[in-house]
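S.K.: Got a structure here, written out as structure tokens. Questions coming.
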Amino acid sequence: MASTWAIQAHMDQDEPLEVKIEEEKYTTRQDWDLRKNNTHSREVFRQYFRQFCYQETSGPREALSRLRELCHQWLRPETHTKEQILELLVLEQFLTILPEELQAWVQEQHPESGEEVVTVLEDLERELDEPGEQVSAHTGEQEMFLQETVRLRKEGEPSMSLQSMKAQPKYESPELESQQEQVLDVETGNEYGNLKQEVSEEMEPHGNTSSKFENDMSKSARCGETREPEEITEEPSACSREDKQPTCDENGVSLTENSDHTEHQRICPGEESYGCDYCGKTFSQHSHLIEHQRIHTGDRPYKCEECGKAFRGRTVLIRHKIIHTGEKPYKCNECGKAFGRWSALNQHQRLHTGEKHYHCNDCGKAFSQKAGLFHHIKIHTRDKPYQCTHCNKSFSRRSILTQHQGVHTGAKPYECNECGKAFVYNSSLVSHQEIHHKEKCYQCKECGKSFSQSGLIQHQRIHTGEKPYKCDVCEKAFIQRTSLTEHQRIHTGERPYKCDKCGKAFTQRSVLTEHQRIHTGERPYKCDECGNAFRGITSLIQHQRIHTGEKPYQCDECGKAFRQRKKTSYKEILLKNHSEPQAGVNLLLSSLIPEWQSCFRKDL
């Protein structure tokens, strides 16, 4: 239904002034001219736009349509420039932040711009004998002076706005009240009397409602809810004319520059949005839509000059470049660790505060980061979507798969800046780097060797004899978890490390590396005493015991010491389990490769 809004008002000296806006069609040329040219109708349309209630419409589409119509009738974009519309918005907000007493005074002057408001206020300050001090709340002499000044200034000027009439304070003095009504009759009687305006009971009487309360009335107030006017302080220093930042008229968001106002208004209701032709998603800014559409088109126009990686948005590229520059502007106040992103610092600080906002619904475990919860959930779902193409082993996280693939490819992307040693895993590099930092070195009290904190814990098990990691198949125990993992490959037959030269496979990467030196002839480990070189570090350590005389392996029976640990023969395995022959056989078979196991089991 195409409808417009007419204005009806009635002036009566014997009763308080009330205003009602009724919905009806423009039926006369006079009404149309009023809508186009009259500044008072613009003020009424502004009020109605601000006080519009969603419940007055049949649905969201009609509500949006009416809001647009009222906004057009108020701001008139067909006749006003962007600068003029912006000035109207700033003027409205400026009048809103003024104290109530000054609002009534200023609006009676009917200013057309913010500069006129400043001029009016400065004139008032000069007329009062207290420069720089704004009018205080309802003192008798100042009230009389202000009213007399209002009357003198308004005589002979054009008509007064509805907003001013409605906001006019009601005073106890009958004489002042009579003078005020006479002024209103002179200024508004001719113009508004011709419009056949009638009094409404829905709006507040002009003597009971302040201008500020009317300007700030929320839409919910017109739907039956009430809100108390804000308390007015005597020294509104926060409302300085020079320092006040512009704010959004819809939601009160502060804006740093006036130019931000127009751009921000697109987010507010009633403004046109930009929709994606592919998925229908809408955006408040055209630039955001263009960047979003690159998801569908695959366009990545922003390319990194360092590594050639391309991105859809400029901000993502700028964030990426921090990787190359090494810039880390965000520093933790607790431990001094720096980060390239503020979000990364925010997540890191939760380690110090102990905040864990993300909880698992299955087991209740909490995490400080959303990514941690996401990966943890896969434990319950047993989801392992990332599979290795070399050995078909599956993983729950892509990062773990990437690190695992380094086992097959031989890639060691994590290199120590101090000594150049490379590692497959980042955690291994972190542990290694602690060796170079003296303040993080931990010395063994038994033998004096230095380790990282985790390395010292594992090393001390050599002296204590603790072996917490036990094999479920043969019950053999180990000091380190990695040693247990490597040992279990004996039972499973898994040999993930394969030589490219001869095809021989191994259970441990270190053994493969040492084996490959047979083909290359490389002997990187050299003895400082005699110059002998070896392919593996263990061979060098065993050799150096010849020079040092160290014999760490001692016989439990006779106490004799040896430089090397004697390998247990198959016969000794059976003899150790002579009380349980079958257990000895099973243990012996478990040490064989799977092909041999199947052959021997057939004969048993």
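Every residue, even glycine, has its Cβ placed from backbone N, Cα and C.
Under the heading SUMO2 cross-link, Swiss-Prot lists Lys20, Lys25, Lys196. The domain 'SCAN box' feature in Swiss-Prot is assigned to 46-128. What Swiss-Prot records for 154-175, 201-258 is region 'Disordered'. What Swiss-Prot lists as compositional bias 'Basic and acidic residues' is 213-230. Summarising the annotation, Swiss-Prot assigns zinc finger to 274-296, 302-324, 330-352, 358-380, 386-408, 414-436, 442-463, 469-491, 497-519, 525-547, 553-578 and lists sequence analysis as the type of evidence.
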S.K.: So what's near the zinc finger (386-408) in sequence-distant terms, Cβ-Cβ under 8 Å and 6+ beyond its ends?
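M.R.: Counting only partners 6 or more residues beyond its ends, the zinc finger (386-408) has Cβ contacts under 8 Å with 375, 378-379, 424-426, 494, 496-498, 509.
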S.K.: Contact between the zinc finger (358-380) and the zinc finger (414-436) is defined here as three or more C-beta pairs under 8 Å separated by at least 6 residues; is that satisfied?
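M.R.: No; fewer than 3 Cβ pairs under 8 Å.
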S.K.: Cβ under 8 Å to the zinc finger (497-519), counting only same-chain residues 6 or more beyond its ends: which ones?
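M.R.: Result: 407-408, 424, 486, 489-490, 535-536.
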S.K.: Taking 302-324, 358-380, 469-491 as candidates, which has the most Cβ pairs under 8 Å with the zinc finger (274-296)?
M.R.: 302-324
S.K.: Taking residues 6+ outside the zinc finger (358-380), which of them lie with a CB under 8 Å of any CB in it?
M.R.: 347, 350-351, 396-397
S.K.: Can you tell me how the residues of the zinc finger (274-296) break down into helix, strand and coil by DSSP?
M.R.: 11 helix, 4 strand, 8 coil
